[in-house]
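Take a look at what TrEMBL says about it:
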type	residues	note
COMPBIAS	1-10	compositional bias 'Polar residues'
REGION	1-41	region 'Disordered'
COMPBIAS	23-41	compositional bias 'Basic and acidic residues'
DOMAIN	47-117	domain 'K Homology'
DOMAIN	133-204	domain 'K Homology'
REGION	218-274	region 'Disordered'
COMPBIAS	249-265	compositional bias 'Basic and acidic residues'
DOMAIN	269-340	domain 'K Homology'
Amino acid sequence: MSAPQDSVPSNGADLNESFDQLKLNDEPRLGPDGEPAPKTDEEYAQTQMTLRAIVSSKEAGVIIGKAGKNVADLRDETGVKAGVSKVVPGVYDRVLTITGGCEAISKAYAKVASALMEGAPAMGMGGVVAANGTHPIKLLISHNQMGTVIGRQGLKIKHIQDVSGVRMVAQKEMLPQSTERVVEVQGTPEGIQRATWEICKCLVDDWQRGQGTVLYNPVERAPYGGSSRVTRTGNGADFSNGGPRQYNRRSDSDAAQRGPPTHDENGEEIQTQNISIPADMVGCIIGRAGSKISEIRKTSGARISIAKAPHDDTGERMFTIMGSAKANETALYLLYENLEAEKMRRQELQQSGQVSA
């Protein structure tokens with residue numbers, strides 16, 4: 001008796017063709033630079049992104065060097081684009097912007113830390129350099145991406161500290177007129193390089209949540225009740241070509257992923273931005289019977305929807321903003337103006353309570 005043979009259905013060719021089509025339609029997840037998302041260290045090393053940091057005016061002088069020599073050397077030695085925001089009288093903070101592959105960025109920040117350690121005494125920055133030869137780097141991280149850097153129950157940030165030997169402190173509050181927070185990384189240049197590498201990988205993996213970030217600009221600290229102008233979300237970089245396009249901005253590849261773009265009545269493309277709001281602040285944003293959020297919608301012209309439930313373990317609620325670039329920017333400005341005003345109100349109440357007690 002002959003061995004039984006597997007029967008091949010008459011539509012086998014059709015099934016193979018269907019599988020081929022499924023494979024074609026199963027496009028790989030894209031990374032921040034529009035290329036397939038990285039999976040290996042070699043791929044992460046080449047993934048293009050931007051990482052910014054706050055520096056003092058004196059530190060900026062060390063980084064730039066005489067006639068721009070130091071920052072030019074930094075670019076040549078690491079292959080990054082690097083620049084420091086311009087000097088503004090009366091403004092202490094400046095922003096260092098570094099763009100390149102993850103590996104190049106981490107090397108660049110190590111060189112920055114080394115330069116600051118060497119230049120601190122000469123620049124009169126006493127107390128900045130610790131006795132054990134470490135230096136702090138104040139990285140700017142999108143509030144929406146902070147959870148990825150910290151990890152569940154702080155496991156990720158603990159891992160980064162363990163493998164690099166640095167000390168990391170994540171500020172709880174967002175910087176004024178922005179959706180960025182500071183992560184201070186204190187360590188040796190070698191430790192800062194390893195920690196920055198790990199942080200870059202986190203940000204690359206979670207790049208989509210970084211879209212729509214309102215970048216911190218030290219110059220733009222409009223007082224409450226003052227000018228109602230819209231705060232620009234520029235990165236303050238000192239590049240001759242107008243600065244790098246950060247990956248949290250809408251890229252050319254985004255349009256293809258979203259399908260055919262939609263436009264408002266003025267012909268401007270409608271963009272979508274997501275921001276997380278602390279659960280205990282949602283009420284002050286919405287207002288009584290929705291009065292505040294309605295006013296923000298009316299003033300900005302953007303559509304704003306609010307998630308009914310928290311989107312992760314932090315308990316934060318996701319606000320989705322849809323409109324033209326200008327409408328979204330206005331909406332973001334008004335949302336964070338309300339947040340900052342509420343924080344100030346609560347601080348004043350707390351202080352008055354302590355005084356009366």
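Heads up, the Cβ atoms here are built off N, Cα and C, so glycines get one too.
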Under DSSP, the domain 'K Homology' (47-117) has how many residues in helix, strand and coil?
37 helix, 22 strand, 12 coil
Could you tell me how many residues in the domain 'K Homology' (133-204) are helical, how many are strand and how many are coil under DSSP?
37 helix, 20 strand, 15 coil
